[in-house]
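Q: Features from TrEMBL:
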DISULFID  C733-C760  disulfide bond
DOMAIN    13-52  domain 'SMB'
DOMAIN    269-417  domain 'AMOP'
DOMAIN    429-621  domain 'VWFD'
DOMAIN    705-760  domain 'Sushi'
Amino acid sequence: FASVVYNKPLNRAQDSCAQRCGEQLGTCSCQATCQSLKTCCPDYTEFCLQISPYSGSLMGGKVFLIENTTFDASSVITCRFKQEIQTRGYLAQDGRARCISPLLYETGFIPFDVSTDGGVTFPYSGTWLSVHHSKVSDGEKCTLVNQTKWQYYGTPNTDGNLTLTWTQQALTETHINIEVWGYQETGDSYSENWSAEWKYLYTLAKKIPNNGKFSFIPVPAEGNYSTWDFGILRITPSSYPDGQSNVPAVWSSDHALAWHLGQDFRNDPNAWATAKCVEWEKKEEKLPDFMEEIIDCPCTLAQARADTGRFHTDYGCDIEKESVCTYHPGAVHCVRAIQASPRYAAGQQCCYDRTGAQILTHDSTGGSTPDRGHDWGSPPFLKPPRIPGFSHWLYDVISFYYCCLWSDNCHVYMKKRSSSDCRTYRPPRAASAFGDPHFLTFDGLNFTFKGHGEYTLVESDLTSLRVQGRTQQVHLPNGTGAQVTGLSAVAMQENNSDVIEVRYLNDYLQVLLNQKAVNFSEQSWLDLKGLFLHSTADQNITVMFSSGSGVELRGSGGFLTLTVLLPEKFMNHTQGLFGVMNGNMEDDYTFKNKTTMSVHASPQQVFEFGANWAVENGSSLFTYDTESLLNNFFYGEKHNASFLPVFVPYEDPADPLVKDMVSLCDSDPFCRFDVLTTRNLQVGNSTRRSHQNHKQLVENLKPVISCGWLGHPTNGTKNGTNYLLGSTIAFTCDEGYELTGAKERTCQVTGTWSGETPSC
């Protein structure tokens, strides 16, 4: 991975970046690192394209500018995505080319290349980021004003005008067409011939002025079109033929097409939807049971928000944004399992009430519902059931309209999409590093290792997971120049995933994806190879690997703070500075050669243990893209043996800083250590906060015992919906019935309910 330049005498003429972007050539480089190393081939900026915007919806139709190359006026521009999908490009007056993004059935970075000779050769190359349609900003879509009205149109008390608005500037022409498109999946479920298609249906409005607004009274669609109940609107310049693919376009959000359904729907929506709901139920009966292979939900809201490697906030129900949980009344927060299930690409969703307990569909329609199709899709995408967003709509959302929203058959839906409880959920283990580096292992050992170099924090033979940390000397504003080191960069990879490196540069986190800086200005969530990457507004970076392991990074007080979360399957499969994860801290000081050292070792011995885990060049995941990184870490030693730290800082009672330190740190040893070595209370405070956060995380991830759901007896009721250890459920019978069995049952340590099952 180390990009280093070897000077081989080679014919200059053949060292061109045409079709070679990302490669290291004989005499020069076409890799992203070449600019800071000043080793680029002369034509690097001509052939390796920078584009703006760099992302757009997978529905396509977005025009993007090629920023760094100007073309000859006679050029005929063709853009080609994934070597197969060609779209028209065009040259503007300024000599700069524009491409149009295509309709894709996948998300993530898509390679594209550009031809100037009408498609004979494609020497220019770049990447386009295809984004889940719901994750594209609202400004890029046209807006269905009062969207609920569109999706309930024709049901009781919903009629009149519908209005569509859009940003006029999004399309340059004076007149536009508005088209209706429908989505379908054909072929046999879970077979090779199962395929997905967006299809142009008809044009709703032709050659209308591009003034940003259109109102109409919908009429039932003609003929067969009225059978399409899930779709989308597309606005295109009216100079293009109806339904032509991959032309400049503004799409609406994908939605239930109630407004165009046939007269039979309008005459009796409840009967129409009931028939559809029953038909859906019959179809479901024939499909494989995906419930067995999806991950169980965390038992509590605290667990769900702490297990960031496997669960992520559901955008529709987010406690941080105080969003209204429309589909889950009574919930304050929902999360979705990040990874789709292995075989059927199904999704899990978990919702929680304000007490932090899980809400189950058996008790309330606000309960969490698992999904046959994961909303975010699942690699390798392209075919059902893995199409981002749309497969999910077809199996799990439009059916919710049939059964729950357009008719009164929600019990049918909930029977097929009932919540999983948390009896088999096992929380992950957490390890952290922060400050003047302090380490807290998966098993709870803590130590300080002030090495200067690059070290293996954790590696696992289970999934070839590797997380490596670089520590560097830190020069603090008060210029004490003490022997202080801290985490300055962390690099990671699992199996053959993309490589992510996070660096702390002057209070800013830089993220490298395969050696190239990532820009989060347009998208904060990236679907990458073998992992997902998320950046919050306040620069917290989370990497979620496909094994369910998670890595969280944030900058604090001049250093990186790192947390690694590993699921239970990694037990007995880890080594490195974070120790052997097995529930026993006694063997956490295990060296590369498998010998161990006592947990009561001296700071000097711990220093030797740390040095033993220095990374070797051949296995380094770091990018060396400056002279100083090359000299200090690539050509130099991986562990700088001449750097000798202060092992135990001296606490002088006469030192005025000590009084402030005691009131700030109280008994936190790491906080005290860092105040003394850095002579800086802010650094101490950051360390104290990181340490508290880790302790809180470990607390939130403690296993919780659940006894599973309990129903009410026939002809009776129950009181209570919490099924965790210590909870009591009380039962009563309806008038005229007598209770036999337990009046109350309590969840016991064994994970079973006390007492006999009651009946009335």
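Note that Cβ sites are derived from N, Cα and C of the backbone, with glycine treated the same way.
Automatic, uncurated: that is what TrEMBL annotation is.
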Q: May I ask for the residues of the chain that lie six or more residues beyond the domain 'SMB' (13-52) and have a Cβ under 8 Å from a Cβ within it?
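A: Contacts of the domain 'SMB' (13-52) (Cβ under 8 Å, skipping residues fewer than 6 from its ends): 3, 5, 7, 64-69, 99, 113-114, 122-126, 128, 515-517, 623-627, 630.
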Q: Compile a sequence-ordered list of residues in the same chain as C760 (disulfide bond), six or more apart from it, whose Cβ lies below 8 A from its Cβ; state 'none' when nothing qualifies.
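A: P713, T714, N715, G716, C733, D734, Y737, E738, L739, T740 - these are the non-local Cβ neighbours of C760 (disulfide bond), listed in sequence order.
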Q: Across the whole of the domain 'SMB' (13-52), what does the mean pLDDT come to? Round it, please.
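A: Its mean pLDDT is 92.
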Q: Can you count the other CB atoms that lie within 10 A of the CB of C733 (disulfide bond)?
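A: Neighbour count, Cβ to Cβ under the 10 Å cut-off: 19.
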